[in-house]
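Colleague: So that we are looking at the same thing, I have put the structure below in structure tokens.
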């Protein structure tokens, strides 16, 4: 088990910058998830930690040792890729022990490590099977087991669940979470799926355009995003955004005007620092934080465009006539029977709102959310 430190790390190919000025501290035994859209540099960052990509600028430390020029095999890391990369002609036991055999580990010790890891991953009854006789989830566990038997100090996982169907992804998320708690190893996990990030991580690193957009615990990022990008990326369905104008500013609250027919004005409990009267901002509110109109002092009138009945919840896409933008999503943990074209009023609770400046940075929220 070891800590990982990245100090002003960058990667470029000629004049093209893939990652830039990455500063991260990953503690011993921590489960950290790198998340972001395709092309944001998350897999490149993981490969730099693994030693599969050279670091152009900055320094990488694993366990307080500078690793920039250390070979991958000597970094004390183990890596699981999106592809299982199992040898089809070898059984599970031989696949798991293959790396140990190449490293010259004696057979008795190889067998002992394989059996211990097989018990942890519930593979003991499959050790004599070939990969073709295994399910997708079992193959992924074998790939994880192959890494575990090498006893790495840092465990790297590059989108390991991407090839699995939805049900298996849920199952393997649970298995990986249990595995981390049991082993207490430092784990760094890459995914584009923010649901995986929210459910697995002790700490999430949100990446965008090769840089760090925000680092924090899952609920911190959900309730207190540092910028509009993080607010829109974390959460499913994603946050709604409405254009608003500032009409008054105080130290601990900002008054805004909605662009609807009634031009509603109301105060939002956020820091007024750096906000000016007349400024155009973005109001953010999550679909699950909208409420029935009778439960709020401020409401919006919308036209129902699409209704998604999911059994345990309903998601309604609304068009706000005065606002030319993508539809507003309203989510409730109940069955709501409405039809396309119906008028519907929804309520806004100021305490659950976010405000973002024109440059995308968030006004500091002052409402205390549970669990943060």
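Quick reminder: no glycine exception, Cβ is built from N, Cα and C everywhere.
Dumping what Swiss-Prot says about this protein:
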- 4-234: domain 'ABC transporter' (DOMAIN)
- 36, 37, 38, 39, 40, 41, 42, 43: ATP binding site (BINDING)
Colleague: Taking the center of the Cβ atoms of 36, 37, 38, 39, 40, 41, 42, 43 at the recorded ATP site, which other residues in this chain have a Cβ no more than 8 Å from that point?
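Modeller: Same chain, not in 36, 37, 38, 39, 40, 41, 42, 43, Cβ within 8 Å: 192, 207, 208.
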Colleague: Using DSSP with the three-state reduction, classify residue 42 (ATP binding site) as helix, strand or coil.
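Modeller: DSSP assigns residue 42 (ATP binding site) to helix.
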Colleague: Express the predicted model's confidence over the domain 'ABC transporter' (4-234) as a mean pLDDT, rounded to an integer.
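Modeller: The answer is 92, the mean pLDDT of the model over that range.
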Colleague: Highest Cβ count within 10 Å among the binding-site residues 36, 37, 39, 41: which residue is it?
Modeller: 36
Colleague: For residue 43 (ATP binding site), just count the other CB atoms lying within 10 A of its CB, please.
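Modeller: Total other Cβ atoms inside 10 Å, all chains included: 21.
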Colleague: When you measure from the Cβ of residue 40 (ATP binding site), which residues in the chain that are at least 6 apart have a Cβ under 8 Å away?
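Modeller: Sequence-distant Cβ neighbours: 207, 208, 209, 210.
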Colleague: DSSP on residue 37 (ATP binding site), three-state: which is it?
Modeller: coil
Colleague: Cβ-Cβ under 8 Å from residue 38 (ATP binding site), same chain, 6 or more residues apart: which ones?
Modeller: 192
